[in-house]
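Only one structure is covered here, and it is reproduced in the block below.
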Amino acid sequence: MGTGFCTKLGKTWAKAEKGLNDAVSRSFVGKYFKLQARKTCFTKELRAATATFLTMAYILTVNATIVADSGGTCSLSDCTPPGGPDCVVKPNSGYETCLARIRNDLVVVTALSAMIGSFFMGVLANLPLAVAPAMGPNAYFTYDLVGFHGTGSMTYGTGLAVLCVEGLAFIFLSASGLRAKVARLIPQSVRLAFAAGIGLFIAFVGLQAHQGVGLVGPDPSTLVTAAACAHTDPVTGACVDGKMRSPTFWLGMVGLVITCYGLMKEVKGSMIYGILFVTLISWIRGTAVTYFPYTKVGDTKFNYFKKVVDFHRIESTAGAISFTNFNRSEVWVALMTLLYVDVLATTGILYTMAELGGFVDDKGSFEGEYMAYLVDAGTTVVASTLGGSPVATYVESSAGLREGGRTGLTAVIVSFYFMLSLFFTPLLTSVPPWAIGPSLVMVGVLMMKVVKDIEWGNVKDAVPAFATMVLMPLTYSIANGIIGGAGIYIVLSLYDYVVWVVRRAAKMRREKNQVSAAGGGGQDVEMT
């Protein structure tokens, strides 16, 4: 009887699903997104969108936490007295309260950027690709341009101006068709090493205390060492009572194992499950791993967390963009570097996702390519005015492609999911660093797989690639890795160029001598 009921229920559901899919396919929405032409249906697009969102929802907290490391609009004036010039890099309740407010703003900015970008990617390009703030460019913006808590070469407002101008330049490159041509000029070895280097950089960030699990800490002799300290010296950052004793580190490791198991079994949203487990444990007050200790800062965080549902209005980051100090050399260097980074990252990922979905034709192009580039660039401009980092097509879109997503309807539904997330900022901003750190490490792991395509047997390719990957984490600068790798490639390529010039000059000399000899021989014949 039970089996018969389940069978009947299954048939009823299948019939209802078919009716819904047929109705949507015949509607304006179905015709606009070409559901029948691309041999898909509404429920398949819905499943694809859900899979995509689950695999990339971590960006809401991860991106906000990374960009908040720049300090945003927080300054010395936000420090609790006595402040001092170093209060922004040392524990200070006033400055930490300001950072919490910035982080809340950036969660909303991240959700808005993803919502806007994904919506227009679906409506204008009709591609099942989600758009959100990119991992890599966000780290470059935070740690290279603005610096940790504003200790870099430019202010947060100037950094946003760089992003805005870079986005406008990107729009020009996309509209003129130069974007794809520029990408082809980049050496393949450096292009592949770029992704791997950023992966190492992001993983290194996730292993540190302020952003991740705290496994890596400072050391006066070796610069870095294993840490995971239960307590640290607030001045030097060194362990006070022994290493590998941090409860939050071991909880983060459990989250990492959960994520790894999920990815091994190809479970959708594995990163989310790891983050969720660690976060739920950390929300319990009165424990050694709580995110809400009984302190002034902890009480403030907990009071906001208890709201659960709340639409947070952007208070500080929107409109913080400033062109006041734009005419400086480091600004233009940053602009060119960021443009270079974006050409590599967004163009490569977009093409990869298009190939995975089977949209690329024999000529190497795909339907919606032109609008997809414009959406990528345009959303970056919008994000910069809100106070966020550059956006790009997400590799997690591959989860939706595996679920059968074939049209822009997938991207539109992903956009709807991000809109819903705007109402849960108290929960999303209460995710601790040791819950986010493991996901950063896993992002690094996934980005490393491109190294297999580098020709390590060819020194001309291997050395620039190795330099690119090593310099990024070891100099704590994505720009240094890109410049170093590209520079070494150019220097090694000079040998081939010099050899070509010498051979060309020798050939021209021989031809000139032959012409001269032939001319001289003709004169001798006439005289005879």
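Please read every residue number as a count from 1 along the shown chain.
Glycine too: its Cβ is placed from the backbone N, Cα and C atoms.
Residues or ranges marked as transmembrane segment by TrEMBL: 106-134 (among others). Remote same-chain residues near the transmembrane segment (106-134) are listed as 33-34, 45, 48-49, 52-53, 56, 59-61, 63-64, 67-68, 72, 312-314, 317-318, 342, 345-346, 350, 353-354, 357, 359, 367-369, 371-372, 374-376, 378-379, 382-383, 386-394, 396-397, 400-401, 405-412, 414-415, 418-419, 421-422, 425, 428-429 (criterion: CB distance under 8 Å, separation of at least six residues from the stretch ends).
Sequence annotations record features per position, and here TrEMBL assigns transmembrane segment to 154-178 (among others).
Sequence annotations record features per position, and here TrEMBL assigns transmembrane segment to 190-209 (among others).
Residues 54-55, 57-58, 61, 247-248, 251-252, 254-256, 258-259, 262, 301-302, 305, 430-432, 434-436, 438-439, 442 of the same chain lie 6+ residues outside the transmembrane segment (271-294) yet bring a C-beta within less than 8 angstroms of a C-beta in it. Here TrEMBL flags 271-294 (among others) as transmembrane segment.
According to TrEMBL, the transmembrane segment annotation covers 331-353 (among others).
Cβ atoms under 8 Å from those of the transmembrane segment (408-428) belong to residues 29, 33, 35, 42, 45-46, 48-50, 52-53, 57, 60-61, 64, 104, 107-108, 111-112, 114-116, 118-119, 121-132, 304-312, 368, 400 of the same chain, restricted to positions at least 6 beyond its ends. What TrEMBL records for 408-428 (among others) is transmembrane segment.
Taking Cβ pairs closer than 8 Å, the transmembrane segment (482-502) reaches residues 186-187, 189-190, 193-194, 197, 337, 340-341, 459-460, 463-465, 467-468, 471 in its own chain, all 6 or more past its ends. As annotated by TrEMBL, transmembrane segment applies to 482-502 (among others).
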